[in-house]
Amino acid sequence: TNPGFVVRITQNGLNYAHRQGVSVLEKELAQLKLPDISGDFRVRSMGKVRYEISRLELRDFQLPHSEISLVPMVGLRVSIANAFAELDGNWRVKFHFIRDHGSFHLKVENVYIKISLKLGSDASGKPTVDTSDCSTRISKVHVRFSGKFGWLYNLFHSAVESRFRKTLESKVCEQSASISHVPSLAYPSVLCLTVTANIGTMVGIDYSLVASPTATAQSLDVGLKGKFFSLAHNSTDPFTPLALAMPPDHDRMVYFGASSYFFNTASFAYREAGALVFDITDSMIPKGVDFHLNTTTFSAFVPQLEKMYPDMLMKLRLSAPSAPFLSIAPEGLSLQPVVDIQAYAILPNSSLAPLFLLSLRSNVSAVIDVKSGHIVGNLKVGRYGGGAAPFLPHLSSPQVRTLQSIMNIVASEILLPRLNERLSQGFPLPLPDRIQLSRILVEFHQ
């Protein structure tokens, strides 16, 4: 399936996410739980020495040099160099009749860690990150014991340092594989992605992955479904997404690509949810407009109204007979929606009597922007044109044109502001919490 929405994260974006998240990773690694260590060894001509190391507590783990790099066709690699850690613990030793115990301080230097991350998606379309490879190398381990028998500590000093090195090397990779922050540093814009996001009570967006992310030497491209759906009627769209090719640009940190499928499923979903139906009454006519929504006004060009429904208020019900489809070209976004306007007379008992139906078409241009992590829009409407399918017979062409002029006022002064108010609230981009966009540039491509 082709994506309706694409996220591209460049090396610049990875670098930024990495800088912001290193402190989180340091805190996670500082929570390493190390097992107690015990053993014995034989000293030539002296016998066997038994030792125990317990209550190991990691005090600090710092990563002064680290980076995230792209691995084409695989995913990402996290590399850490010259890291160092400090920890404290207790020791106990038994040698013939000598028994002693105390505390110690351990300093680990020149720690090198390399973690390879394979990127994919699960059955629900949510991003996944697996640690495909991990290696750790520690160059220096220094242990300082506190106690009375210095010569005794020297006997097992080297043995303990060796055991510590091996234990830490295995535990760092084990902990890294389970730390959610390691992948999220490298996979910032989509790992925390919610597969679906509700927009109000009528419509949601499906941001599930349509395939595993694609890593190249310059970027990580993530194809998302990018489909709006009605919460009440999640029916199949009458169209499928076309192939979406991102422009060959990698200078900025992150790119979002939305195809016409993304916008057209929005109009389809809102229509399915019944959100593209608007009732307009006389009380909604702006004060500056010189007509009222009643049968007296409309009888000037539809004389039958005055005889059949004298001096009655009217209601107009505007609806879309089909979902309006938007097209995208380098010059911008445009659509040609058809709007059915059904006129009713409001009878004394509050019931509605149908009067006539106008079917109007207009050229609409759309302006798109991004604010506070949301795609927002604004519509500009040209003059409406079209024909009438009247319940009242014998409407002449001049009468139809006069009705269309009035409907243009209704559409531009009442309907359009309501639509633009909703569009100004926007639709959320697939961004995790606390991420804000800056220096936003919106471009249109074929």
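Residue 1 is the first one shown; counting continues down the chain.
Even glycines carry a Cβ here, placed using N, Cα and C.
These come from TrEMBL:
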- 8-233: domain 'Lipid-binding serum glycoprotein N-terminal' (DOMAIN)
- CYS134-CYS173: disulfide bond (DISULFID)
- 248-446: domain 'Lipid-binding serum glycoprotein C-terminal' (DOMAIN)
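The 10 Å shell around the Cβ of CYS173 (disulfide bond) contains 17 further Cβ atoms across the protein chains shown.
Using a 10 Å radius centred on the Cβ of CYS134 (disulfide bond) and all shown protein chains, the other Cβ atoms total 20.
On the 0 to 100 pLDDT scale, the domain 'Lipid-binding serum glycoprotein C-terminal' (248-446) averages 86 in the predicted structure.
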